[in-house]
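Comments concern the structure below.
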Amino acid sequence: MKKEKRLFTSESVSEGHPDKVADQISDAILDAILAKDPDGRVACETTVTTGLVLVVGEISTSAYVDIQSVVRKTILEIGYNRPELGFDGNNCAILVDIDEQSSDIADGVNESLETRENQQDKDDLDKIGAGDQGLMFGFAIKETPELMPLPISLAHSLMRRVASLRKEGRLDWLRPDAKAQVTVEYDDENKPKRIDTVVISTQTDATVSNDEIREAMIDMVIKKVIPSQYLDKDTKFLINPSGRFVIGGPKGDSGLTGRKIIVDTYGGYARHGGGAFSGKDLTKVDRSASYAARYVAKNIVAAGLAYQCEIQLAYAIGVAHPVSIMVDTHGTSKVSEDLLVEAVRNVFDLRPAGIIEMLNLKRPIYRQTAAYGHFGRTDVDLPWEHTDKVEALKTYVSEHAE
């Protein structure tokens, strides 16, 4: 029987993809509120379609934010700035329907179960309960310098490169909507061996030929982004394989906040708890605990305690402490996983208020995460990407190893 290749594929999308437009609007609104009211509670959902933006959700804040202005500014910065694109930040209709956060939810967050039952620890970080129940995953692996899986890392880099060529005017026929997909072949030790297939679909104007698009994407994008040792004569390049891609963005497909959760995380290489990130303040553990889980996993791998590490956290609404912590190194750990769980409990504060304080999350830093991934970013400084707990982990493990 012929031996099959070991292949894994991940995708990314550009900032002009309709779902990412929605994510960026939701996070731009969150940032605008946090800039004036760091304790604001935000759950903001956005839908975009031809000529229309709909913003709904629950927001409780002492700040005033001109949501329509934030929406228009975000759309224009992405690149939807003229009527022929079918979506134009200058003149699209914007409908806003915002309520306050449910008082029932607010009560559970503001006064945790531990506080209500007089079980809180000595500090005040027990007072804030999780904003919902749920399970969250974090992951890290030594496939790239930023400790991310190679397929999603390359897919994001391709999309950032396409966007920079468009915004710099070097390829003036590019339009904002685009997608990339990278298939990596792995060797028998599950290490990246080569790139099997690269797919790029990018929106263009009607004047450019398919041959010109293909040449530009291969020479100016793929070969500039993907290290040459991964490319060979058998690597397949599929450039705009559907043919014409002129109609795109919200004119081509409606977009919705929270529909690109695999693009946002690990490209399917690790598990996902199901909760989206964008438009949510940091009392929502869908977001903050996912960031914390990545922070934990990355520090474990950076400490040399495992080649790869997956963390699961789980919470109950209104309860400060996580109901479970799981560490899975897929057989690559240098110490027992029980010891790693113990180290995690002692080195990291995984209560919602503890996460917010540990990572300094009450800041307007989230719009920049809403395109090109929340993890493994080398172009922006994100606190959950820091590896400042490496020495604490090493010390704890060395002092408690049997």
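The backbone N, Cα and C atoms fix where each Cβ goes, and this holds for glycine too.
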Swiss-Prot annotation (region 'Flexible loop') - matching range among 13-23, 101-111, 123-133, 200-210: 101-111
Most Cβ neighbours inside 10 Å, all chains, among the binding-site residues Arg244, Lys260: Lys260
For L-methionine: widest Cα to Cα gap among Glu58, Gln101, Asp253, Lys284 in Å: 30
Spatial neighbours of Glu45 (K(+) binding site), counting only the binding-site residues Asp19, Glu58, Asp253, Lys280, Lys284 and Cα distances within 10 Å: Glu58, Lys280
Candidates Glu58, Gln101, Lys284, namely the binding-site residues, that fall within 10 Å of Asp253 (ATP binding site) by Cα distance: none
Neighbours of Asp19 (Mg(2+) binding site) among the binding-site residues Glu58, Gln101, Ala178, Lys284 (Cα to Cα, within 10 Å): none
